[in-house]
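A.B. asks: Got a structure for you, written out below as structure tokens; questions coming shortly.
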Amino acid sequence: MAHQDKDHETKDMETRTFIPSQNVPYIHKVGIPPKQGLLKEFKTTVKETFFSDDPLRPFKDQPKSRQFMLGLQAVFPILEWGRNYNLKKFRGDLIAGLTIASLCIPQDIGYSRLANLPPQFGLYSSFVPPLIYAFMGSSRDIAIGPVAVVSLLLGTLLQNEFDPVSDALEYRRLAFTATFFAGITQATLGVLRLGFLIDFLSHAAVVGFMGGAAITIALQQLKGFLGIKHFTKKTDIISVMKSVFGSIDHGWNWQTIVIGASFLAFLLSAKYLSKKNKKLFWVSAIAPLISVILSTLFVYITHADKQGVAIVKHIEKGINPPSVNEIYFSGENLLKGFRIGIVAGMIALTEAVAIGRTFASMKDYQVDGNKEMIALGTMNVVGSMTSCYVATGSFSRSAVNYMAGCQTAVSNIVMSLVVFLTLKFLTPLFEYTPNAILSSIIISAVIGLIDYEAAILIWKIDKFDFVACLGAFLGVVFASVEIGLLIAVSISFAKILLQVTRPRTAILGRIPMTTVYRNIQQYPEATKVPGVLIVRVDSAIYFSNSNYTKERILRWLTEEEDHLRATYQPKVQSLIIEMSPVTDIDTSGIHAFEELYRSLVKRDVQLVLANPGRLVLDKLYASGFPDLIGENKIFLTVADAVLTCAPKILQQV
């Protein structure tokens, strides 16, 4: 090259690419054959795509015995942190475990009703799954058990297949089957390290879905709250309101309303007090259990059940019976359970991972998302075989667990043991518990899922995100939980597709007195270089956006030429594409660049590339594209390209 004697050579050890100095084209001389370089880059790309870290790194250069122990610790984190466990930590876990147990017992009885299952199944699901998670989970703060949203979702999907009253056995078997496949789904995602899939449900969509689900759950509780016996099976707000007001003359029970309203006021007051004074967190934690005890005593003493107040009645005594033989492993119900399980498992996983990450960031420790998925999946698989339905992390219980001073997952073990004792000895005490109290407890619990502050923030930050949030919310409230979920996923995917197929581009201008080029819309002081149009592409160029990228660049050029013609300025002679944000390009992208080049030749405009990345440059050379436009048309920086394309103009500035 003409300037080669001025070049200083900077060697990249992987590609041995020589990078020239200023005002010299970016000449690509690769020591490694292009095929080998691309193969190595492909392997690196695959590794970075599926593995944010190196899962085998701790095992390298370790003796076999050490590798075995590390393997056990990877599966059972309790073996790692348990070595440093002491009495001080146990004291914190004991208090936290007892506190969340007082909250979970009344909640579990209520949530099982959302899933259309007998009350003992909610308690079963807070006995076995928390024990499994305590040994396999990596979060110190998450509290495991049934949750309102998943219970409602599962109940809604299951009753579309079987009636929970007339086909109680088939309904229960399908619930266990769905739980089994929910666990398989979660564990598979963890083993294959595919946890990024749950991120496709955007935060905005989750906020809207959770808010809509909270409204729906609260509306469903009007049956128990008002004492209505015949209630719609639909979950949309219109059907529920028709059912509520249609039975106002003959279906409402004033004694039930008094009990429900009184204790709902008590629960909300306790929650408000705890929110105002963080030290009084225990007030809202034990309020549900106090409500259950007091209301049960009241009904028992006054015989209110004889006045139409609906009560829980019998709760099966004893610990979880085995249910392996009830799971469908063949037939059409297998497919039904598989489909329902995937949906419920993904929602449960999204909630649990979000909760785990939230509290981990507050305590400044790391939660391994893949280990969490394996732990959650294993506990649901085992749970499905021990009469449990889908369990996951509960936000309300996890918050109480955190506030109560939990130190490790032992708090889940303590909670589980309390539930065990309840199942073994105390279930007859809940016989006279009024359903209105369970409805009040659920209403007070799900109110926290309506995060209007987050919705307002989403509106301020991104209007498209707000559309996803609102769409999910309205879908759940006015249609059904599954429709709302479908809308949430669809809008999230639509946003991804829009961003992938419509990448941003920008016109760059020169910042005065510098060689820096920036977006002229972001930096009004930046000025265009006469005779040169500089376009930056802010995305990888793939088959999905290559044609749009080409057309958008040509549209920028057409608009610029029209403007120059109208103002009697010199026409554009060079089009410079700033490619530093272009992380990758495929054959369709290169083909689009070839078409762009041919279009520019017809307009008598030369095509120049600035700062393409190593992978992009390798692919361009492999395709022979530099031979088409000329190797001297590829530069290290925009400033180099401009200095070559318009040297006289820059020297005058």
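Glycine is no exception: its Cβ is also placed from the backbone N, Cα and C atoms.
Note that TrEMBL annotation is computational and uncurated.
Per TrEMBL, the features are:
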- 142-159: transmembrane segment (TRANSMEM)
- 171-192: transmembrane segment (TRANSMEM)
- 204-222: transmembrane segment (TRANSMEM)
- 252-273: transmembrane segment (TRANSMEM)
- 280-301: transmembrane segment (TRANSMEM)
- 338-360: transmembrane segment (TRANSMEM)
- 372-396: transmembrane segment (TRANSMEM)
- 402-423: transmembrane segment (TRANSMEM)
- 435-459: transmembrane segment (TRANSMEM)
- 471-494: transmembrane segment (TRANSMEM)
- 522-645: domain 'STAS' (DOMAIN)
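Give me the structural setting of these features: burial, nearby parts and distances.
C.D. replies: Counting residues 6+ beyond its ends, the transmembrane segment (252-273) has Cβ neighbours under 8 Å at 224-228, 280, 283-284, 287-288, 291, 294-295, 298-299, 304, 307-310, 434-437, 439-441, 443-444, 447 in the same chain.
Below 8 angstroms of C-beta separation, residues 99-100, 102-103, 105-107, 259, 263, 266-267, 270-271, 273-274, 309, 311, 400, 403-404, 429-430, 432-434, 436-437, 440-441, 444 of the same chain, each at least six residues beyond the ends of the transmembrane segment (280-301), sit close to that stretch.
Note on the transmembrane segment (338-360): residues 138-142, 147, 149-150, 153-154, 157-158, 161, 174, 177-186, 189, 195, 198, 201, 206, 366-367, 369, 372-373, 376-377, 380, 390-395, 398, 402, 482, 485 of its chain, located 6 or more positions outside it, place their CB under 8 angstroms from a CB of the stretch.
Taking Cβ pairs closer than 8 Å, the transmembrane segment (402-423) reaches residues 78, 81, 85, 88-90, 92-101, 104-105, 108, 120, 123-124, 126-128, 130-131, 133-135, 137, 139-145, 278, 281-282, 285, 317-320, 359, 362 in its own chain, all 6 or more past its ends.
Sequence-distant contacts of the transmembrane segment (435-459) (same chain, at least 6 residues past either end, Cβ-Cβ under 8 Å): 106-107, 109-111, 113-114, 148-149, 203-204, 207-208, 210-211, 213-215, 217-218, 221-225, 227, 256-257, 259-260, 263-264, 267-268, 271, 288, 291-292, 295-296, 309-312, 395-396, 465-466, 469.
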A.B. asks: Under 8 Å for C-beta pairs, could you tell me which stretch among 142-159, 171-192, 372-396, 471-494 has the largest tally with the transmembrane segment (204-222)?
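C.D. replies: Counting Cβ pairs under 8 Å, the winner is 471-494.
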A.B. asks: I'm a bit unsure how to read this: which one of 142-159, 171-192, 372-396 has the highest number of Cβ pairs shorter than 8 Å with the transmembrane segment (471-494)?
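C.D. replies: The stretch with the most contacts is 142-159.
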A.B. asks: Going along the chain, which residues at least six beyond the ends of the transmembrane segment (171-192) come within the CB cut-off of under 8 Å?
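C.D. replies: For the transmembrane segment (171-192), the far contacts come to 115-117, 121, 154, 157-159, 161-164, 198, 323, 326-328, 333-334, 336-338, 340-342, 344-346, 348-349, 369-385, 387-390.
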A.B. asks: DSSP helix, strand and coil counts for the domain 'STAS' (522-645)?
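C.D. replies: Helix (H, G, I), strand (E, B), coil: 63 helix, 21 strand, 40 coil.
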A.B. asks: Between 0 and 100, where does the mean pLDDT of the domain 'STAS' (522-645) sit?
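C.D. replies: On average, pLDDT over the domain 'STAS' (522-645) sits at 94.
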